[in-house]
Amino acid sequence: MLSIMEDEEVDAPSTQSQPEASSLAATRRFKDPIHDYISFSPLVCDVIDTKHFQRLRLIKQLGVSYYVWPGASHNRFEHCLGVGHLARRMVEHIKSSQPSLGINDHHIKCIELAGLCHDLGHGPWSHVWDGLFIPKALNGKRWKHEDASELMFDHMIKEYRLKITPKEATFIKALIAGDTTRCDTTREGKDFPFLFEIVANKRNGIDVDKFDYIARDCHAIGEKGNLSLTRLIHSARVINNQICYGIKDAEQIYELCYTRFSLHKRIYNHKTAKAIEYMVIDALLAAEPIMKFAEQIDKPDRYVFLTDDILSRIEMTTDEELQPSRDIIERIRTRDLYKLVDFKVFSWEFRNRCQEYITPERIVEAAHFSPPPGADKLDLEELTPEDIIVNLSPMHYGMQERNPLDFVRFYSKRNPNICRPAEPGDISLLMPSSFAEVLLRIYTKEERFVGIVQAAYREILMTLPDHVPQSPLRPAQDAPTATLTPPATEAPSTPRALSRNVSLSQIGVTPFSNNEFTTVPPNFHPTSPERGTKKPRSKRGRDTSGMTDTGSPPRKRRA
């Protein structure tokens, strides 16, 4: 738990000047479980003490993962405090160790505020909002939480008359975006592109945002982690206008990237959390015509009230038109969740092929064209694409299919001003042969369809092409966003990038074989300890108000 420690006043005589004493008295310290005591200046505290920033107390860092991992109750509020703290530590270290760079107090102030405010625009349940809900609610609108962060930041400065100049505000927003082209990076004849790699590093993803969320998320789920944030910060050095690290810390950088992959694999994309995500989205979509949540993303005076409690706001209503939404929320509360039908891990090169060929519509077509033996005829007749969710979750080390260490430059103690990429023999020969994969999951909104949907999905697997085209297809507009923290970014090219022309013979084992661990008969009906205690639903009593992962429109219930 986070607590605030106000500095105690001391009656003894002080040799400090009045401004220094006043500044010290206004400084506040926060007791953080990750970074221990962290201090913030009066200006930073003025930002913290706004409704825009305090709103982050009501947004879970890991979204619906809290339903699966009870310890994951931390919020965006403490994460942003941690990133602001680490951003200041990083830039102060670089300033003290390399004074010739010309870093000044203006830079430190702006970088600390950029770290503090980088997630100001996150919506309810973090990436669930901008990754899944907004694209469906607003017909594929290209919107991300960084857009809202800038909107909220500008509105906050204006409403509270914060001591941040327009030029500083522009610089801070550019730092949050990690985009050097959005402002003049030249000041007093010095060039500072490396400052844009501290909060949001677009070159290799190694930044203080990742430092904090990995350490904080591991702590929340009860894992100690093997990262030393202090060591990484002290290892940072600017060479050729980019942040480099000591070669002795290459394993720490690799551990950071591997831990990111592991968290995505085990925590962020947990099968039950993913099912709840889709239920939350369906509940919000069913309520959208009445509540109009999505329309508030461009209105900061309204967006400030959008937090994780909007489900409770829906539950409290008595409007008949919101009953479908309340029904879905009731299913979440009573653990009557969408059912996992099947899953399979595919090679990264097959991600677009899976997205193109495995869809709810094709699964339904396969079920009707070749009915599985023993399947209930009524279930077959009533099965529709809206009963099926196809989820594709890309998992990687941070740079898609490429080795993240290829994008980091290292130096040695003997040559601290010369940087170069690390070769395999410089670190370890026991490196993965692949740095990315795709996890495919099939869900159904009604448990009675599990066996039928699985059989139909496996029919499609048998028809998939056995090669990958040279030019990958462009992902669909409403493809699922699977990199929860942070969003996926296109990795730059590198000589060591994997070839995109892959055949099954190169892989050794066909990726389209069935998962024998999940095989069930076509007439299978799942059972659980809670099954007998839950209120029964009619066969056509399913929730059809929302859209599937592939963007199918909502449909009316059939009589």
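Positions of Cβ are set from backbone N, Cα and C atoms, glycine also.
Not measured: the values here are computed from a predicted model.
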As TrEMBL has it, region 'Disordered' corresponds, among 1-24, 313-336, to residues 1-24
With helix taken as DSSP H, G or I, strand as E or B and everything else coil, how many residues of the domain 'HD' (76-214) land in each class? 92 helix, 4 strand, 43 coil
Could you give me three numbers for the compositional bias 'Polar residues' (512-521), the DSSP helix, strand and coil residue counts? 3 helix, 0 strand, 7 coil
